[in-house]
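Listed features, source TrEMBL:
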| type | residues | note |
| --- | --- | --- |
| TRANSMEM | 21-43 | transmembrane segment |
| COILED | 49-76 | coiled coil |
| ACT_SITE | Glu181 | active site, proton donor |
| ACT_SITE | Asp313 | active site |
| DISULFID | Cys378-Cys410 | disulfide bond |
| ACT_SITE | Glu424 | active site, proton donor |
| ACT_SITE | Glu446 | active site |
Amino acid sequence: MARSRSSSSSSKWRYCNPSYYLKRPTRLALLLIVFVCVSFFVWDRQTLVREHEVEISTLSEEVNQLKNMLEELKSVDGDAVKLIGEKKDLPDEPIDVERRQKVKEAMIHAWSSYEKYAWGHDELQPQSKRGVDSFGGIGATLIDSLDTLFIMGLDEQFQRAREWVANSLDFNKDYSASVFETTIRVVGGLLSAHDLSGDKIFVEKARDIADRLLPAWNTPSGIPYNTINLAHGNTRNPGWTGGGNILADAGTEQLEFIALSQRTGDLKYQLKAENVIAELNKTFPDDGLLPIYISSDRGIGSYSTITFGAMGDSFYEYLLKVWIQGNRTSAVRNYREMWEKSMKGLLSLVRKTTPSSFTYICEKHGGSLTDKMDELACFAPGMLALGSSGYGPADSQKMLSLAEELAWTCYNFYQSTPTKLAGENYFFHPGEDMSVGTSWNILRPETVESLFYLWRFTGNRTYREWGWDIFQAFEKNSRIETGYVGLKDVKSIPTL
């Protein structure tokens, strides 16, 4: 029995003895094959585990980065977002309701006079009570007011205007129109009306006028001419520019033409407008500052003024807003990069007055600076506030602080005159703070728009109060029986 158990045990363990396989080559080969297969399987599993661990680690890092970015955005925009989000749940203050109604009444006052005396014309001249066709007779005021009528709930007025657009608007005019002005007021006005109302007639009309403007882009560089005849397509730049194109004109069609391509599915509008930015980007300077005159032939700047005021302003504004319009994606990253370069340039132009330390933006002529700032440049506080959220926390706060400082200066453009209305531009001299240069006021909106942005971003009601002050000054000095008029001299109280 013992010998039998030993024999059985030896039989079991013989498979572990190498000599067993050496005497049997077939079984040895099979064993090697099994060993290799098992080894490959184990190695493959370990490799997969390691790759999986690397992927998990990478994803964890990306998640942490996104969390950090989210926290940064919250720290920058949190208060503004919270205010906007909670505003619906807060009851309106009685004073806000009263002021809102007064602003609406002001719109009704101006619009009713336009309807009565200038219906279908481009502008109303309130004192002579007649309409004039300063845009060739395409109802510029009517089209530019469509979105305001809709937003204010003036439904009857909006419907009458809509019927005029559908049945009477005709762009076949023998008139040399400004490509820039026609784009922002007419193409933009029609697209805004469509987006608010959903009425496709506005897109059809926007496409009609855009098709008439497109030949202006047929230049060697693709940078459009300033003017084009709406009926015949003849193009030119005005002689007073030295034959060059105006920077703000060339760089302020992108929002409207991209939007038109999105709503029609026809890319030709977007491609024409975006090519301008691509062309300018080829030689874009490190400080992002371009002169106000650009060659339509070569696509480069001429020796001329650099300014955030007249003829330069909206080029910089549109770089930022196209980036926002494009949902801040990589497809529009070049716009943001160009804008940030331009903001570095803007910082190089910032100075402060004495004795009150008002912050202002200089103009640049060659290598020298001029201590002058247009009221038009008061769009900059709103632009800086809007663009601040694209930076990290430190730079974001720096830009927002600069926006607030410039807004204080722009508000004082108004407060520093007897009428409490701003002149067209201001000069800054040591020890004198600011003085009016060109003293007329033509009802420009830039300062009030910036105050609105800052109220939205900061929640500080002070900006609403400043806006109300300016509105009251317009009511007091510019309102007449048949609408609103500009002032020849903001330093002199008018007799209305």
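Each Cβ is built from the backbone N, Cα and C atoms, and glycine gets one as well.
Feature map: TrEMBL annotations on the structure.
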| residue | record | contacts (Cβ under 8 Å, 6+ apart) |
| --- | --- | --- |
| Glu181 | active site, proton donor | Phe135 |
| Asp313 | active site | Ala248, Thr307, Asp374, Leu376, Ala377, Phe379 |
| Cys378 | disulfide bond | Leu406, Ala407, Cys410, Phe413, Ala422, Glu446, Thr447, Ser450 |
| Glu424 | active site, proton donor | Asp374, Glu375, Gly437, Thr438, Ser439, Trp440, Asn441, Ile442 |
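Averaged over the coiled coil (49-76), the predicted model has a pLDDT of 53. There are 21 other CB atoms within 10 A of the CB of Glu446 (active site), with all protein chains counted.
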